[in-house]
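First up is the structure itself, then whatever we jot down about it.
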Amino acid sequence: MASVHSNEDLEAKDMDSRSLSSSRNHSQGAPYIHKVGVPPKQNLFKEFSNTLKETFFSDDPLRPFKHQPKSRKFILGVQAIFPIFEWGRGYNLLKFRGDLIAGLTIASLCIPQDIGYAKLANLAPQYGLYSSFVPPLIYAIMGSSRDIAIGPVAVVSLLLGTLLQDEIDHVKNPDDYRRLAFTATFFAGITQATLGILRLGFLIDFLSHAAIVGFMGGAAITIALQQLKGFLGINNFTKNTDIVSVMQSVFRSAHHGWNWQTIVIGVSFLSFLLLAKYIGKKKKNLFWVPAIAPLISVILSTFFVYITHAEKDGVAIVRHIEKGINPPSIDEIFFTGHYLAKGFKIGVVAGMVALTEAIAIGRTFASMKDYQIDGNKEMVALGTMNIVGSMTSCYVATGSFSRSAVNYFAGCQTAVSNIVMSIVVFLTLQFITPLFKYTPNAILAAIIISAVINLIDFQAAILIWKIDKFDFVACLGAFFGVIFKSVEIGLLIAVSISFAKILLQVTRPRTAILGKIPGTNVYRNIQQYPEATKVPGVMIVRVDSAIYFSNSNYIKESTQVQLPCRILRWLVDEEEQLKEAYLPSIQFLIVEMSPVTDIDTSGIHALEELHRSLQKRDIQLVLANPGPLVIDKIHASHVSTLIGEDRIFLTVAEAVSSCSPKLVEEPEV
């Protein structure tokens, strides 16, 4: 029995040690000081698996399969890969009516846009149409968004055209250029699908919203400037995309290179397109006006050139679009050789940009209709459609914001609107492409200019300036990088600034000095609440971040006495002010740790060094409200013993109430 009691006593002592009691044996009537609870120790494997699950499977994708028979699991598996089998069961004639109208509307918009976007990618016009035939069909089967409209987009087309042109001249070697485009599309699809399968979609979130706004705005201006060649009828035009080179090329050809008939056509129809866009914006029920305006412009301008033979007066026309549906191109992809690595590099960049745009569009319209899209499923769907597209003469396709907006306002119900659009493009490729022979390049330039104007979001830039100045710097950096250098440099700047912001926030966490709100036991930032008062002899600091190796040196004292970091710098400043005012010096430093979600080995060492530095100044380190992960590691590293278990409190108020009595008693001694 004695042995049993002895074991029980040992267990009780161990539990007391694990609890890290913040209380001492108070005299009767003293306020009760609560203990800081320590979570029970987890099995290492279980802790690792929970972390892994939270990182990659936070949405618990296998939850619907639990407690289901095998036949049901098979059906759920098919529906998970092909969502059309899930929502298709409830499809009806009423929904088809909405999808039919929406599909016809976006088809009228996409056909002229596709021809123009193919030129941005330095490809023949039919490749733009090919990319609006096969990829939308694949996405309709595998995608989870009801509103996104699939096809080539301006930014990705320009990016792809620029990166490909750096490797192969599309004029001197069009065959290898086209093959490299298919190779890049293949690897863009592989990148997208891999991210989805491995559930790494969070990686695209590293490109901040501000950087995307700046990149899109810069790309829109670059795209519009590139259209000046067709808009003004210039034959000799620079291959560079920066604004300086483009404007030099434009002004050099002003006296002898501009074609006035082309300018008349371009200005007239651009004015018509902008007017149609204005009407659609003012009256939502007239959404179809800007949607069909491009097709009407193509028909009228083509007819005008045909009857006047304006091509003989220097008006550049499309001349020929290959008739027929997508030919197979799997044998044209570079799976070996010199261009394989180049195609992979270009594909990864184009695939990530396309993915970012598509996910952003999908989430936007999903929130407007109050439904959820699965980001990882979207990536797999987009990747699969581009892999299949690369084998059927398509280049990188993704979600188009302008078409998706038209699709939404046209009343689309499901992804069937993409199927309707695809069928219309198929009929166009089969029967109508010869009619585009006399379509002037100026009208395609006008259509692209009117389409990319919406990519310049002034309101978003102004809001970014108001909210976060560093975000605004990222926005401007991406914007100026694109227009003054190139699309890829702008993208690189956008990514770099986004990472720089993350690193800055991680390595330089926000810290604050706290004071007591009068009439309460609440302690808040004295900068936010000027009425908050400091406690005599006590300095209260809050660290608003996890403490890792990346920021621990900033939080603790530097090894050089001349270079104190954040907390000790404040402490030195505070002591100097107190000395000048003949007030009691600091005796306690309370660190409020509720925002500290985690701490690593470097953070533990930082606390130890901070404690030693404070001891040299006869100042006691006190911790308040450490979280479960933090208190567990403080206990495991024996920092609790170093600091003193009676110096770890549940709240700042309890820490102050424990420290203050000594401050009152000491002057009397």
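From the backbone N, Cα and C atoms, a Cβ is placed for every residue, glycine too.
Annotated in TrEMBL:
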type	residues	note
COMPBIAS	1-17	compositional bias 'Basic and acidic residues'
COMPBIAS	18-27	compositional bias 'Low complexity'
DOMAIN	528-659	domain 'STAS'
REGION	1-33	region 'Disordered'
TRANSMEM	148-165	transmembrane segment
TRANSMEM	177-198	transmembrane segment
TRANSMEM	210-228	transmembrane segment
TRANSMEM	258-279	transmembrane segment
TRANSMEM	286-307	transmembrane segment
TRANSMEM	346-366	transmembrane segment
TRANSMEM	378-402	transmembrane segment
TRANSMEM	408-429	transmembrane segment
TRANSMEM	441-465	transmembrane segment
TRANSMEM	477-500	transmembrane segment
Exercise. To the transmembrane segment (210-228), which of 258-279, 346-366, 477-500 is linked by the most Cβ pairs under 8 Å?
Worked result: 477-500
For this session: Give me the stretch from 148-165, 346-366, 441-465 with the greatest number of Cβ pairs under 8 Å to the transmembrane segment (408-429).
Result: 148-165
For this session: Quick one: find which recorded stretch in 177-198, 378-402, 441-465 has the most Cβ pairs under 8 Å with the transmembrane segment (148-165).
Result: 378-402
For this session: Find the member of 177-198, 258-279, 286-307, 346-366, 378-402 that has more C-beta pairs under 8 Å to the transmembrane segment (477-500) than any other listed stretch.
Result: 346-366
For this session: Establish whether the number of Cβ pairs under 8 Å between the transmembrane segment (258-279) and the transmembrane segment (286-307) reaches at least three, counting only pairs separated by 6 or more residues.
Result: yes
For this session: Could you give me the DSSP helix, strand and coil counts for the domain 'STAS' (528-659)?
Result: 60 helix, 21 strand, 51 coil
Exercise. Per the definition of 3+ C-beta pairs under 8 A with sequence separation of 6 or more, do the transmembrane segment (177-198) and the transmembrane segment (441-465) touch?
Worked result: no
Problem set entry | Stretch with greatest number of CB pairs under 8 Å, the transmembrane segment (346-366) reference, 286-307, 378-402, 441-465 candidates | 378-402
Exercise. Apart from its near flanks, which chain residues at least 6 from the ends of the transmembrane segment (378-402) lie with a Cβ under 8 angstroms of it?
Worked result: 81, 109-110, 113, 118, 121, 123, 127, 130-136, 138-139, 142-145, 148-153, 156-157, 160, 181-186, 188-197, 201, 326-330, 333, 347, 350-351, 354-355, 357-359, 361-362, 451, 454-455
